[in-house]
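Engineer: First the structure, then my questions, so here it is.
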Amino acid sequence: MNIFRLTGDLSHLAAIIILLLKIWKTRSCAGISGKSQVLFALVFTTRYLDLLTSFISLYNTTMKVIYIGCAYATVYLIYLKFKATYDGNHDTFRVEFLVVPVGGLAFLVNHDFSPLEILWTFSIYLESVAILPQLFMISKTGEAETITTHYLFFLGLYRALYLINWIWRFYFEGFFDMIAIVAGVVQTILYCDFFYLYVTKGDNDLPAVLHIFFNIDSFPFHLPVHILAPL
């Protein structure tokens with residue numbers, strides 16, 4: 001395992017923990033898209049079905065179990081324990097517009113036409129767009145709590161590090177996975193402008209910046225013009 005994959009995994013884990021701690025400590029899931037979290041739970045479930053069929057390493061198994069457990073814990077907190085604080089009025093992205101096309105694409109474009117492989121491919125495609133309901137929710141409210149922006153930052157960092165991981169593996173191991181790389185590029189693009197604003201504007205300015213950046217009349221179907229692998 002190279003350093004980029006390891007730091008990518010840790011960034012991913014940091015994002016998940018930040019979100020869980022935010023919800024638990026504030027006893028509120030305000031500003032969090034439950035739909036995005038359901039999509040991430042679906043991503044981990046369909047990707048890690050190989051837990052039932054194979055063992056790679058203790059690290060690999062442990063991280064997979066943590067990701068699945070944390071994903072469902074987040075969904076539980078949003079839709080059950082702190083349901084009264086969930087802002088369903090603004091979490092209105094039509095997730096079927098993501099799940100159905102992604103399912104069809106996974107069925108048509110995959111490495112091997114087998115159930116586990118199709119589900120793995122589905123998870124890769126779905127992860128690349130699973131954050132859209134969260135970004136769309138921010139576009140509707142025009143604001144985001146500091147802790148939510150940290151969560152998005154670490155998710156974007158995880159994806160960027162994984163892209164470097166793929167490059168590293170290609171040059172030093174001769175490994176190349178077009179499906180994972182293309183999906184990773186798509187996902188990284190969705191974070192690019194947010195990542196830039198996070199770094200350059202600082203936490204205190206982010207609510208105003210997000211209000212300007214995420215224009216509800218155009219997002220998510222038309223991204224701003226300058227926005228041009230896993231376990």
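Backbone N, Cα and C define each Cβ position, glycine as well.
Pulled from TrEMBL, these are the listed features:
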TRANSMEM  65-82  transmembrane segment
TRANSMEM  94-113  transmembrane segment
TRANSMEM  119-139  transmembrane segment
TRANSMEM  151-172  transmembrane segment
TRANSMEM  178-199  transmembrane segment
Engineer: Are there residues at least 6 beyond the ends of the transmembrane segment (94-113) whose Cβ is under 8 Å from a Cβ of it, and what are they?
Structural biologist: 35, 38-39, 42, 119, 121-122, 125-126, 129-130, 132-133, 179
Engineer: Given a Cβ distance threshold of under 8 angstroms, which distant residues of the chain, six or more beyond its ends, lie next to the transmembrane segment (65-82)?
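Structural biologist: Same-chain residues near the transmembrane segment (65-82) but 6 or more away: 12-13, 16-17, 19-20, 23-24, 27-29, 32, 34, 37-38, 40-41, 43-45, 48, 51, 231.
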